[in-house]
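Visitor: One structure follows; several queries about it will come next.
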Amino acid sequence: MRPRDLKYSETHEWVKLVGKDVVVGITDYAVKQLSDLVHIELPKVGEKIEQGSSFGEIESVKTVAELIAPIGGKVIEVNKSVVDNIEILSDEPFEEGWLMKVKVGDMSELDTLMSSSEYADFIKLEKEDGEDGSSDDDVDEDDFV
């Protein structure tokens, strides 16, 4: 189940606002599409990231995918637990599987991200377009908590 209180990007990252900072991760949908994760590279604390630019890579047995920053700012913490044990992403992508915390540079960038219902619709369209090769059941608002 995906949390309703998060914002989502078209590249399947999620953002949770915590005060003036955000927590960033990747969605369960992205994890499922990648399958069999083997390695992740994340930015260093203090590094500046820009919305829409690569902030790292995630590797599975079938591909290497770029992680795209859903929001810009300065990295203030990286989840070393995920780097040390990538399986956390498969088990808990929205809780223990967060990737980094960012001090936001421009809060208005949050407005460019999708709500949970918009993200559910986005995934449905992506599946209809056949972009993901998935045969999972349809995604709807009931998939969010």
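Cβ atoms are placed via backbone N, Cα and C, with glycine included.
Unlike curated records, TrEMBL annotations are generated automatically.
Fair warning: this is a prediction, and the values are worked out from it, not measured in the lab.
So TrEMBL lists the following for this protein:
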- 21-103: domain 'Lipoyl-binding' (DOMAIN)
- Lys62: N6-lipoyllysine (MOD_RES)
- 126-145: region 'Disordered' (REGION)
- 128-145: compositional bias 'Acidic residues' (COMPBIAS)
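Mind running through what each feature is packed against?
Guide: Taking DSSP states H, G and I as helix and E and B as strand, the domain 'Lipoyl-binding' (21-103) has 17 helix, 35 strand, 31 coil.
The 10 Å shell around the Cβ of Lys62 (N6-lipoyllysine) contains 11 further Cβ atoms across the protein chains shown.
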